Ligand SMILES: Nc1ncnc2c1ncn2[C@@H]1O[C@H](COP(=O)(O)OP(=O)(O)OP(=O)(O)O)[C@@H](O)[C@H]1O
Ligand SMILES: [Mg+2]
């Protein structure tokens, strides 16, 4: 990363300078102060008099379980929601933001938890939207926009073509575009809501380098994550919320992991990866020389009953494409898929489900949730094609009962299962999808980033469930970018690199270094 | 480290590709008529300048509407009210454009007015209708389909009420000049050029694409989505009104039923031209090619002396085929 120049380029401020410049006499301790903020949604008190104080030039982590109200507070600060009560002060002065534009103009930028990009537009257009450089005629200067993008991406070490359409990027690359866009605002406060949930360790390091650079320029960063190790690596301070209430703020050097978890959850969580070695049976799924030309090549592996096969790899390793191909999302890959030793033809997902497969996809917003339907309808959607159908009608009562039970096990936080899924917090949406697939009682369970955006407590719960399913003889394939998860949960680990299998590791021999060397070879 | 992180090699996408595909379709259809022309009529289809200019003239009025509709569809919406606005505007402007001294004029005291009066009145009326569409869509969040359907019925009702169904004729010469000769084509070309630039090279255009691609992203990027939507629909109304004025001026008469079905023809031109009904994609250039395809089909069938009924049926088939092609293109890109 190039050293930060003393002159921060500010080509993009459209209306005047930021608040910070206007109040140059300000020498307070906190750049952003949140005081006694309250926000209620129908049926939920999302925030109940919370506070948060951000110092300039520091990273402040905001922690809390799924549905604790973290994103809600950030959206209030960024002008997406208006609070019911309380005050936000910026550089010592009360801040009245009513729209995202107000927030941006005052010097507050945010990376939202869910991707907010325009798929059919280029990387450059996405980054500079509303701030396009204009030429003397008042027309958009595409040449300069491209150049500004190239400079920005170069400064951040992000290798992307400014002219590429965002819709063609991988989820991780899209996340990097979001990061670049947020940085481009040159804001005084930068909010990052789970920026690492969709990227792998290499990119996390990359992001941290960017964050350290921003920090050195005096920017206050609010950082939301469920990954404890990140907290200790990057955060100077942290604040914990629980159920919409403020619990406390501490320097991160003063506490241990367990302290934080106790603050977040209000109870002890002992075992993180409750893996039990269970009896491994016959091969259930076998894949031979699976190839999708131009995407992945010669992928072969087997998964046995009771076995958890972890798949590790960097972004671009095409792990998700393999899973999608097996599940019939991509039409007709070349190669053989055998279930119980017999060749099967899988041309669409319902074929796959007919063979007892379940597939939790990577992108919950695009290929997971039906956002405008309610929780129960979301859970049902996978059941309709399988059991629980009597005389052509879904047996709603049984489904509802099972869904309630699963929701309780996974601690899905929602006023009721009749709540629209769009209104659930990100982590709770993820839990809902897991509930959906678990209720299909699969024999082969394919999980792509199963605990993305899920809090520690629920994570342990989900890991326990996966283990339990394996113990019941389910064959599990788990794609994960989280090293501890792959190492902690898998019986065997398959590592992929750019569309090829680069090796297998047994549970006993696997460690982070071995995986990384296979993944990046 | 960043090498590994961004390993997937970016493949450049050429935005011109979509338009190129449509152009090929146009060439294919034209050549088909050319060949059929030699076989069935013993003469060239394309080698007749007069035929071609009539063809363009026929579609350019709807073309003006299609320009407005293009930006509406790119923003993720739809406008069903254009045809009715054409009818209502034709009535209003013609009633203020009647030649001096015509004793059976609608407003006997208001004959022989300068041409700007009917022109401005018509355009303002269209702007008003479009603004109402936009406000309804942006602030009450009712679907564009419903809001503009309401306007479609209301504006058509207004047109019929205006003279209790009577046609209006005898415009002043200066008003009639708006529709004379190749004037409609000229007006279309000016409008098309303005909006080609607006959509490609101004923030107005970028906002339109952004809203169509992802309204939430547009909002958190600081775009005032509501205001932009109002602008988009207002301009669509304005262009429909312009088309209404041109139609009336050319026909030297205005009738309440003018412009019926124009909204669908305009949508069809845009869709054939590669404007995606899901929003976020399309271009004025595409719509222009779509418009020419439309014209070629109409004049081609006339040229071959085939029944007009075939025209309509083929038109329907082509619209559906265009959408199928669009869906197929999207799928192919997703996979890559
Ligand atoms: N627009 C909304 N309408 C109704 N309820 C909402 C809305 N947004 C959030 N909520 C509710 O408010 C609570 C807090 O949600 P929030 O998204 O802030 O949680 P979070 O701490 O960010 O959780 P996660 O870690 O899962 O992202 C949740 O119970 C959620 O269901
Ligand atoms: Mg959240």
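Cβ coordinates are placed from backbone N, Cα and C, and glycine is handled just like the others.
TrEMBL lists transmembrane segment at one of the ranges B:145-162, B:163-180, namely B:145-162. Taking TrEMBL as the reference, the stretch among B:52-73, B:206-227 described by the feature transmembrane segment is residues B:52-73. Between the transmembrane segment (B:284-303) and the listed ranges B:52-73, B:113-138, B:145-162, B:229-249, the one holding the most Cβ pairs under 8 Å is B:52-73.
Beyond the ends of the transmembrane segment (B:113-138), by six or more residues, the same chain brings 77, 79, 81, 85, 88-90, 92-97, 144, 147-148, 150-151, 155, 171-172, 174-175, 177-178, 225-227, 229-242, 244-245 to within a C-beta distance below 8 angstroms of the stretch. Segment contact is absent for the transmembrane segment (B:182-199) and the transmembrane segment (B:20-40), given fewer than three CB pairs below 8 angstroms at sequence separation of 6 or more.
By the Cβ criterion (under 8 Å, sequence separation of 6 or more), the transmembrane segment (B:229-249) is in contact with the transmembrane segment (B:52-73), since 3+ such pairs are found.
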